[in-house]
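Comments concern the structure below.
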Amino acid sequence: MPSYTVTVATGSQWFAGTDDYIYLSLVGSAGCSEKHLLDKPFYNDFERGAVDSYDVTVDEELGDIQLIKIEKRKYWFHDDWYLKYITVKTPCGDYIEFPCYRWISGEGEIVLRDGQAKLACDDQIHVLKQHRRKELETRQKQYRWMEWNPGFPLSIDAKCHKDLPRDIQFDSEKGVDFVLNYSKAMENLFINRFMHMFQSSWSDFADFEKIFVRISNTISERVMNHWQEDRMFGYQFLNGCNPVMIQRCLKLPDNLPVTTEMVECSLERQLTLEQEIEQGNIFIVDFKLLDGIDANKTDPCTLQFLAAPICLLYKNLANKIVPIAIQLNQVPGEENPIFLPSDAKYDWLLAKIWVRSSDFHVHQTITHLLRTHLVSEVFGIAMYRQLPAVHPIFKLLVAHVRFTIAINTKAREQLICEYGLFDKANATGGGGHVQMVQRAMQDLTYTSLCFPEAIKARGMDNAEDIPYYFYRDDGLLVWEAIKTFVAEVVGIYYEGDQVVEEDQELQDFVKDVYMYGMRGRKASGFPKSIKAKEKLCEYLTVVIFTASAQHAAVNFGQLFLGMYPEEHFVEKPVKEAMARFRKNLDSIVSVIAERNKNKKLPYYYLSPDRIPNSVAI
């Protein structure tokens, strides 16, 4: 009688093991086996991190194994089980891999197919087509779109974390990590002790230094010592936590009436302001998004204020970017003066503080929350709804949306919700942050997420003219490495443009992003469909770069880009492409490390060994 060797790998995260009864059935082209209880006498099966093997004997030949069915039944009490993968050794000695990487909750059955990535057009067998269709039907019931606030990208239909599908919830270890990191952040900022300080006027600049007491590293110490200097102020627009606002000034805006006479003490080339603009030496940061946004009124005893500044900057003869004029609100006039470096020391310093405050609000709510977290959630929901696990694009993207929906749901529960941390600690709390997202959605375009195009659109692409823009330099290296890897993977599964155009699952994924994530806004520039391999490569690069590198640049990263601990792909060509991808990333790490060697203020946020795969890893 034919005998198969079945190897079962249980996850290593907390509580991944199970004491429940596990049954397995093999589905082949010539028949289906009976259910077999996977159990070894006097042995504790399916423990956390275990890899267990079992001999399964069947009555007759099954033909080519197409699917395996796993059934879990209660032993004593319900406990979830995280199944990594199953391999099957056939009687003729072939090995078939069945990736899972899913939680199996309660009592029920899951059906797995072998790990070879397949487009829908590659499936000619009825049972495989049926499995593919049923998987998506089930997922579309689990992953539903919801409007959390009018004008926002749609999010997952879940009021709290425990309402999410089990497979995308934080596992216990990650959940504890989230809580501890949240608590640690609050502790670092003395959030309880200094809450009054945050929500009331400061009496002394020394109060600022108290924030750094518990945050001690090379960068924080240098910032603490030099934060009042114009050079540090300008540098932060290039390589700080919000390096996406600065742009080359091609013409002074009508609502910023700065003259040569006002700023001539800052200009070093003996040129007029207009001539400096023509030579590309003037830059601008405009916070018009904040104009008219309601300041936080959740504490009636504390008055809070917002500015909507315009800041003019200058590239001096040392190629350093420094501020030369600041107007704190959008409408010029006697009550809205233009502050200059030649003003009294503290007048100028306070003007810069207001700009930095505005930069913080845009960074937190738009650059970070909207343009990485919420956008990545859109890609994640659309992926789960429209791409089956066997689809190569699902296998490519799944690591880059891991825990994204979970962390965003936690944020809606604890951070940006009514009475959450934003309301307690931010001047845009109490609804201002919601207004900001609603307004910023009008500027959220597909092109603005394409890193090279976004840099070019701001006139910041010339490395010779702007030599110290490390966010640009490192970002372009990482973008190209990702795009090269994506192109290799796409080339393995799509022979030509026609295959891309006829992949209905892919088209449904792209359409879901456009219709629900971008709310069907034609002006967003997001494609409704993709008809060419080249455009598909760019689109997938946007998804991966946004979730990994862009988030790391504006959130400060950990690591893992290029590392795929869950092996959804089993094909050798893809594994080879992954190896080349990691090699390219390693070379970028070396380039960045060499550049940072002698720098007093190194920039490493886009070094691949510090870039997490997703916004939540």
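Glycine too: its Cβ is placed from the backbone N, Cα and C atoms.
Nobody curates TrEMBL annotations by hand; they come from automatic prediction.
Source: prediction; values computed, not measured.
The Ca(2+) 1 binding site feature in TrEMBL is assigned to GLY17, ASP79, ASP80.
Using a 10 Å Cβ-Cβ cutoff, ASP39 (Ca(2+) 2 binding site) registers 13 neighbours. Positions annotated as Ca(2+) 2 binding site by TrEMBL: ASP39.
Here TrEMBL flags HIS368, HIS373, HIS551, ILE617 as Fe cation binding site.
Look at TrEMBL and you will find 2-118 tagged as domain 'PLAT'.
Feature annotation from TrEMBL assigns domain 'Lipoxygenase' to 118-564 (among others).
Feature annotation from TrEMBL assigns domain 'Lipoxygenase' to 565-617 (among others). Across the domain 'Lipoxygenase' (565-617), DSSP helix (H, G, I), strand (E, B) and coil residues number 28 helix, 0 strand, 25 coil.
Residues or ranges marked as site 'Essential for stabilizing binding to COTL1' in TrEMBL: TRP103.
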- Note on the structure: Taking only the CA atoms, the spacing between HIS551 (Fe cation binding site) and TRP103 (site 'Essential for stabilizing binding to COTL1'), expressed in whole angstrom, is 27
- When the Cα-Cα distance from HIS368 (Fe cation binding site) is computed for each of the recorded positions GLY17, ASP79, ASP80, TRP103, which gives the smallest value? TRP103
- If you count the C-beta atoms lying within 10 Å of each candidate's C-beta, which of the binding-site residues HIS368, HIS373, HIS551 ends up with the smallest number? HIS368
- Let me know how many other Cβ atoms fall within 10 Å of the Cβ of ASP80 (Ca(2+) 1 binding site). 17
- Query: Of all the binding-site residues here, GLY17, ASP79, which one's CB has the most other CB atoms within 10 A?
  - Reply: GLY17
- Message: Rank aside, I only need the closest one: which of the binding-site residues GLY17, ASP39, HIS373 has its C-alpha nearest to that of TRP103 (site 'Essential for stabilizing binding to COTL1')?
- Response: GLY17
- Per-region confidence, the domain 'Lipoxygenase' (565-617) (mean pLDDT, whole number): 88
- Query: Near the Ca(2+) 1 site, what residues other than GLY17, ASP79, ASP80 in the same chain have a C-beta no further than 8 Å from the centroid of the listed C-beta atoms?
  - Reply: PHE15, ALA16, THR18, ASP19, ASP20, TRP81, TYR82
- Message: Counting across all protein chains present, how many other Cβ atoms fall within 10 Å of the Cβ of TRP103 (site 'Essential for stabilizing binding to COTL1')?
- Response: 20
